[in-house]
Amino acid sequence: MRRTFFHSFQYAWQGVVYCLKTQRNMRIHLLMAISACGLGWRLGLPAGEMAVLLLTIGLVIVAELLNTAVEKLVDLTCPHYHPLAKAAKDTAAGAVLAAAIIALAVGYYLFVPRLF
Ligand SMILES: Nc1ncnc2c1ncn2[C@@H]1O[C@H](COP(=O)(O)OP(=O)(O)OP(=O)(O)O)[C@@H](O)[C@H]1O
């Protein structure tokens with residue numbers, strides 16, 4: 001099937017919407033991302049620090065999207081218990097956890113000195 005750039009974009013967007021609709025954590029990440037951007041804007045963070053904030057938000061959101069993809073693939077290919085299925089899901093979830101911890105650290109360094 002020949003696909004245009006627009007179709008590829010449309011499918012990718014459907015993936016993001018699917019993740020937002022089905023994953024509570026993704027909605028929480030998005031809410032926190034919007035709040036952090038709003039706070040950064042309100043505090044007048046310089047462009048470089050805003051860029052770091054946006055990169056960190058992107059890291060968490062990309063990790064959550066990939067985690068969801070791994071979860072769905074595992075559910076599709078291995079509906080029964082298997083230690084490798086567990087390892088795949090747990091490792092993908094670990095990627096989200098690692099990204100979230102980094103985001104907390106970045107948030108601490110960017111916001112705490114300005115707020116207190
Ligand atoms: N097929 C499987 N084989 C072995 N362990 C599994 C399997 N599916 C899930 N698990 C284990 O159960 C945990 C929870 O999985 P579950 O499918 O309930 O949620 P999830 O797909 O990881 O996340 P969510 O609830 O956000 O969809 C996984 O992290 C993994 O440790």
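Backbone N, Cα and C define each Cβ position, glycine as well.
Keep in mind it's a predicted model, so treat the numbers as computed, not measured.
According to TrEMBL, the features are:
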type	residues	note
BINDING	Y11, E71, K89, D90	ATP binding site
TRANSMEM	28-44	transmembrane segment
TRANSMEM	50-70	transmembrane segment
BINDING	E64	substrate binding site
ACT_SITE	E64	active site, proton acceptor
BINDING	E71	divalent metal cation binding site
TRANSMEM	91-111	transmembrane segment
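Proximity to ligand 1 at the level of Cβ atoms, with a cut-off under 6 angstroms, picks out E71, K89 from the binding-site residues Y11, E64, E71, K89. Of all the binding-site residues given, namely Y11, E71, K89, the one with the smallest number of surrounding CB atoms inside 10 A is Y11. All protein chains included, D90 (ATP binding site) registers 11 other Cβ atoms within 10 Å of its own Cβ. Annotation for the residue listed as 'substrate binding site': same-chain Cβ neighbours under 8 Å, separated by at least 6 residues, are C19, Q23, N25, M26, H29, V96, A99. Sequence-distant contacts of the transmembrane segment (28-44) (same chain, at least 6 residues past either end, Cβ-Cβ under 8 Å): 20, 50, 53-54, 57, 60-61, 64, 100, 107, 110-111, 114-115.
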